[in-house]
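Below is one structure, written out as structure tokens; comments come after it.
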Amino acid sequence: MAHSSKIFCCFSFLFSTLSIIPLSHQLEQHPLDSLTPNEFIRVQAIVNQSHPTTTNDITFQYIGLNEPDKQALISWLQNHRTTPITAPPPRQAFVIARINHQTHELVVDLLYDNIVSDHIHHGFGYPLLTFEEQNGASQLVFNHAPFLAALNKRGLKVAEVICETFAIGWFGETKQNVDLEAMKITHFRDRLVVPVPKAAGTDYRESEQKEPFGPELKGITVVQPDGPSFIIDGSRVRWANWDFHLSFDARVGPIVSLASIYDTEKQEFRRVMYRGFVSELFVPYMDLTEEWYYRTFFDAGEYGYGLCAVPLEPLRDCPANAVYMGAYVAAQNGMPIEMPNVFCIFERNAGDVMWRHTETMIPPDLITEVRPDMSLVVRMVSTVGNYDYINDWEFKQIGSIKVTVGLTGLLEVRGSKYTHKDQIDEEVYGTLLAENTLGAYHDHFITYHLDLDVDGESNSFVKSKLQTVKVTDQTSPRKSYWKVVSETAKTESDAKIKLGSDSAELLVVNPNKRTKMGNFVGYRLIPGSVASPLMTDDDYPQIRAAFTEYNVWVTPYNKSEKWAGGIYIDQSRGDDTLATWTSRNRRIENKDIVLWYTLGFHHVPYQEDFPLMPTISTGFELRPANFFEYNPVLKVKGPSNVRWPNCSVSSSGLK
């Protein structure tokens, strides 16, 4: 157990219990499939056997798929279509373990059951926190006499209090902390007493709600009498014109790979994205008090965004037509743990319009053509402490991939002596939400790793600015217009973008492929809400999260560069991040490139966010840009109408 941690006691439950699952028969594997329960057990055995004389228990901080070499995988995919017996790339696991007070990075070969490499990490930072060490640390205080005395002083019962652990960050210390190695409390301070916020009205459970209630809506559901239109074959998902691979990782959650779309004109599937996932989440709070200043969380690198995934509630988290998939992670001892229903997959028909037109210029005919918008959604919810993140990857027939994240859950609040805003005469770093209850200002930054392979691996990044031009030569009565001025990024520094300053089209194009009209085939990034860090560049949390300084980065593909904050986030010092990688200013024109996109929220809490915050969402879209010769859904027909028993359809609706 390899990290320092601060223990904060409060009145909320943090993590649900996961159960160890029995082994089951495994289907034929795809090289990008998540590790199976049997593979977790084999990894554990191989690592334990390789260190038989260790004087301490080995703790497994992370076990995940060691992604195969990209070119080897692409070659295998191409050959596998014609020669199915072609051997796949080596199946390997990447392991981070603590052995004898040291952090080991191991690559385990699952074909030959041996260790390919064993590297000891000597730099800054520590690996993912495990649930076991967090729970163990939080229980220490209940046998700590000064803590029990503090409860007694406040008139609180032990049964009324729970504690949770927070990563301590880094604030210029020259030595690394390893308090969790010994699992001992090294310091306790009872600094101040504040009124405990009232519990009345804060229970959000449906069963505990009392009248009056809001207006009740009539029942609604989604029915597909012929079954879903998508096919799930192992981890491969096929729907409409899309074909992609879905896997799960304890650190980043869902990974969408090999996303390809069928081109009816060319009669072939064309690659859009090799691999896409959430790379990191940075959540810094703006409260400078002693109990809060260090709360600058990296939800993926410190806690595990996938590790914190929760089972989805049928008919609540997902509609009635959803299909569910589970996943597995490793416990601290390396054994597999089942995570049921972490994904739901469903077709969405929300009454939106994919395309339409009414032609009124050919009297007396009135021509109306409408196509309903249907899409396929892959969803996962990750509950990291108090926040629930709803993650959607949505595939549209027009060729778009729409990525959305919704934030809900509980606000992080602290007790206060204030009961009315007019009493406040100091900096309280937040909003007074209820009596004696302050909600702290904070940010959410979500960074995505998007390895786009637009019709092939060799791509370029193009920024097309919309430039205003004044008319000065009397050729038109108009005084101005705008034109598109495109610039292809040559190096990484050319591609760094802070959004919001000017209007621009951001494209990833294949400079080696053109449409019949001569345009480069491409995909464009359509951003959602734009937010940039407001902390100073020399602030310690911002040094560690320098990858949020720009909304857009582009790097040449490098298998090792997938986690924007570096491998070891806990107590990291910002020396292994996306920002440091790009300082090499490598060439990115006509290369295999990766697009990194950071979206964000500056969250000023409001009373409507308390006690439970309604979902607020944002995202981005990857949309075809001269990828097809014409509208790819021109010939798409809408789904067949569903006839309800004892109902008929009229122009005014159902009867």
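Any Cβ shown, glycine's included, is placed from N, Cα and C.
Taken from TrEMBL, the feature active site, proton acceptor applies to D299. Neighbour count (other Cβ atoms within 10 Å of the Cβ, all protein chains): 22 for D299 (active site, proton acceptor).
According to TrEMBL, the feature domain 'Copper amine oxidase N2-terminal' maps to 30-117. Taking DSSP states H, G and I as helix and E and B as strand, the domain 'Copper amine oxidase N2-terminal' (30-117) has 27 helix, 27 strand, 34 coil.
For 221-634, the entry in TrEMBL reads domain 'Copper amine oxidase catalytic'.
What TrEMBL records for Y387 is 2',4',5'-topaquinone. Within its own chain, Y387 (2',4',5'-topaquinone) has V283, L407, T408, G409, L410, H444 as residues 6 or more apart in sequence whose C-beta sits under 8 angstroms from its own.
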Can you give me the average pLDDT across the domain 'Copper amine oxidase catalytic' (221-634), rounded to a whole number?
96
